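Written out below as structure tokens is the structure these notes cover.
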Amino acid sequence: NMVQFKSMVQCTSTRPWLDYVDYGCNCDIGGTGTPLDELDRCCQTHANCYTEARKFPECAPYYKTYSYTCSGGTITCNADNDECAASVCNCDRTAALCFAGAPYNQNNFDVDLETRCQ
């Protein structure tokens, strides 16, 4: 779920969570358009991963709770998660690690979606 995703991002990155919420074209719920950079591409991939997770019965990625641990920037999704939870956890894990490895461009924060996101 989104609270757990926030915690994962905070575990892997030194940036405040809110720096990612309105970044680029794809880092907000319902984001769309060609990614502006690597970090925005992380968000697009995360959104696409959630779309795949929704294929499991009654799987709602934004709300699904899962079990995981995070220590020293290493995230482990627990093996006892059901299919939906495992899928969502892996989506969030992959995105959090992607965020941590991608450069942050302040010019891509709070962009004008109509002019910059086609």
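Yeah, the Cβs are placed from backbone N, Cα and C, and that goes for glycine too.
The cysteine that Swiss-Prot pairs with CYS43 in a disulfide, picked from CYS27, CYS59, is CYS27. Of the cysteines CYS84, CYS89, CYS91, only one is given by Swiss-Prot as the disulfide partner of CYS77: CYS89.
Candidates considered were CYS42, CYS49, CYS70, CYS84. The record in Swiss-Prot pairs CYS59 in a disulfide bond with CYS84. Candidates considered were CYS11, CYS25, CYS91; Swiss-Prot assigns the disulfide partner of CYS49 as CYS91. For the disulfide-bonded residues CYS42, CYS49, CYS70, CYS98, CYS117, a Cα-Cα cutoff of 10 angstroms around CYS27 (disulfide bond) retains CYS42. For CYS49 (disulfide bond), the nearest neighbour among the listed disulfide-bonded residues (CYS25, CYS42, CYS70, CYS98), judged by C-alpha distance, is CYS42. Local packing around the disulfide-bonded residues CYS70, CYS91, CYS98 was summarised as the count of other Cβ atoms within 10 Å of each Cβ; on this measure the leading residue is CYS91.
In the three-state DSSP scheme, CYS117 (disulfide bond) is classed as coil. A straight line from the CA of CYS84 (disulfide bond) to the CA of CYS98 (disulfide bond) spans 21 Å.
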